[in-house]
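Below is one structure, written out as structure tokens, with a few remarks after it.
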Amino acid sequence: MESPSAPPHRWCIPWQRLLLTASLLTFWNPPTTAKLTIESTPFNVAEGKEVLLLVHNLPQHLFGYSWYKGERVDGNRQIIGYVIGTQQATPGPAYSGREIIYPNASLLIQNIIQNDTGFYTLHVIKSDLVNEEATGQFRVYPELPKPSISSNNSKPVEDKDAVAFTCEPETQDATYLWWVNNQSLPVSPRLQLSNGNRTLTLFNVTRNDTASYKCETQNPVSARRSDSVILNVLYGPDAPTISPLNTSYRSGENLNLSCHAASNPPAQYSWFVNGTFQQSTQELFIPNITVNNSGSYTCQAHNSDTGLNRTTVTTITVYAEPPKPFITSNNSNPVEDEDAVALTCEPEIQNTTYLWWVNNQSLPVSPRLQLSNDNRTLTLLSVTRNDVGPYECGIQNELSVDHSDPVILNVLYGPDDPTISPSYTYYRPGVNLSLSCHAASNPPAQYSWLIDGNIQQHTQELFISNITEKNSGLYTCQANNSASGHSRTTVKTITVSAELPKPSISSNNSKPVEDKDAVAFTCEPEAQNTTYLWWVNGQSLPVSPRLQLSNGNRTLTLFNVTRNDARAYVCGIQNSVSANRSDPVTLDVLYGPDTPIISPPDSSYLSGANLNLSCHSASNPSPQYSWRINGIPQQHTQVLFIAKITPNNNGTYACFVSNLATGRNNSIVKSITVSASGTSPGLSAGATVGIMIGVLVGVALI
């Protein structure tokens, strides 16, 4: 409250503070028409504080005024009276010594108590002895103490108990509020407020209800919060978890198992092996385990406060260290395409998985590879040289895979047809002849040379120096494999001549189809130190992406041949002493049939005339022809002749062509109109001249 600007009466009521600001003076001389009112400042007052009953619109020319406790003027309830003329204040029966009256009639009450609550009446006496009254009021509230929370259950059990929190103390005219983790109460069917919100009940408490709870009390003059209360919910134990999750161990390892179960208070643990109690610890340690330590391991968790027990069982398997595997074979030297081989993974062990690898890869899918029921034996049927391996087998248990050393299969094969090099067959006198023979074989082949059927030597190479024309002949290389018992020979014709022979042209395709086939011409023979040349129609080869030379220009390839490639091809060979050309070879390109042409072009005729139609289509070989009139087969000729035609011969005339060599067909349709004698054979809408061209693929020629 602010101090007044005008002093109270002189009698012994000390000034304690100013209650009215300078603006209050404006109310001392209000207009006489305004109604007298009292304003309580503040309206809600805390115990021990003060309140000012502020007078508004006080009338002029007053004799005095008095304050009363209550809503009416009662001498027994007078607090104080004031005479303006003498400026004297007189206390009444209800005066407590805490009241101060001011010349403007306002009343200050200090050190407010609960009994001060209520109405106060100001009685004003004017100079003309006319009275006027006004009533004001205020309410007194206590200053709230700091609340606290009490609980009916300090250790509730999860999913079983309910907890009732009560905000203390119980205070009249107070509002109660609750917070959980400093947040307003969540909406939940398990939370219930009662007793004017003073009691918070949690039904079927869970571990998630373990939170910070606070209550608050409020009234119009104060608000206080309690200290936090943490709810201690007893729960568990949950189903224990045994770690690590590994259930397979090698013999000789240490077994170290740990058990954990969510629980409040923390659980007590016990271990059982195959149903036999071991120890009451959270961890179980067994050093240097053996196969005998295999079994079921049970962890039991117990909560003495909740009275609950939970168990978890894990099965531990201890494996003996397996030996390193190795591979045995029933045939150490199998013959290609004759023998089968059975590879067996040793040793035989129970409860073991057998695995196989070939060339460090898993076994390919092949009808020639067969595994036994237990996968321990791998059988290769009709072995080939590609089956040499290496092969590995493995034995696998829950812990590891052990590999054998690799085994290489020694497949006996060959000899294949020998190859004689170099490939030259033509030599000049005076040079050295050096021939080498090679045949794929295991073990390596033994070689022999024969000339014109006569044994020369048992070596892989044949060398003859300073050859003459007498050295011309048949040179045979014979390869022998004593292990497989097989022999193979290759014969090569060697010609020794000072002059180059007349070359010839060979072809890989004597009748290529246009726009489909490629043709490779090769100039024969292959001769040492020889240059090969080509001509087409007596001219050097044109530049074309469809023409390609290879094999030292000895081979000429024509890609996607066309009918224009049907020319005369000549090859030539030359060396330092001679040159020669082949006879020309004409390429026979099969093509067509193209779209046929019907002649003459006339389509209108007079009745009585002869109709003579001829059909022609470019094709190699020449095509076969057939005719149809209005879709009806007629004859298989190139020319269609009808004497003395009539209007009945009107219609569509189709010529079909077919090339059996290329497998292609084609056709053309022509409309023929025959007019009666004496009429003009002009073109009408019904006799429009037109040629409808189309390829009728798959139409059978009749």
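Each residue, glycine too, has its Cβ placed from N, Cα and C.
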Swiss-Prot annotation, disulfide partner of Cys345 among Cys259, Cys393: Cys393
Selected from Cys437, Cys571: Swiss-Prot disulphide partner of Cys523: Cys571
Record feature GPI-anchor amidated alanine (Swiss-Prot), assigned residue among Ala89, Ala134, Ala439, Ala685: Ala685
Swiss-Prot annotation, disulfide partner among Cys167, Cys299 for Cys215: Cys167
Conformational class of Asn560 (N-linked glycosylation site) under the three-state DSSP mapping: coil
C-alpha spacing of Asn256 (N-linked glycosylation site) relative to Cys345 (disulfide bond), in angstrom: 35
Cys655 (disulfide bond) CB neighbourhood, other CB atoms within 10 A: 23
Per-residue Cβ crowding (10 Å cut-off), top of glycosylation sites Asn182, Asn204: Asn204
Among Asn197, Asn288, Asn375, which are recorded as glycosylation sites, the nearest neighbour of Asn182 (N-linked glycosylation site) by Cα: Asn197
Distance, Asn560 (N-linked glycosylation site) to Cys655 (disulfide bond) (CA atoms, angstrom): 29
Packing count at Asn197 (N-linked glycosylation site) (other Cβ atoms within 10 Å of its Cβ): 15
Length of the line joining the Cα atoms of Asn288 (N-linked glycosylation site) and Asn256 (N-linked glycosylation site), in Å: 11
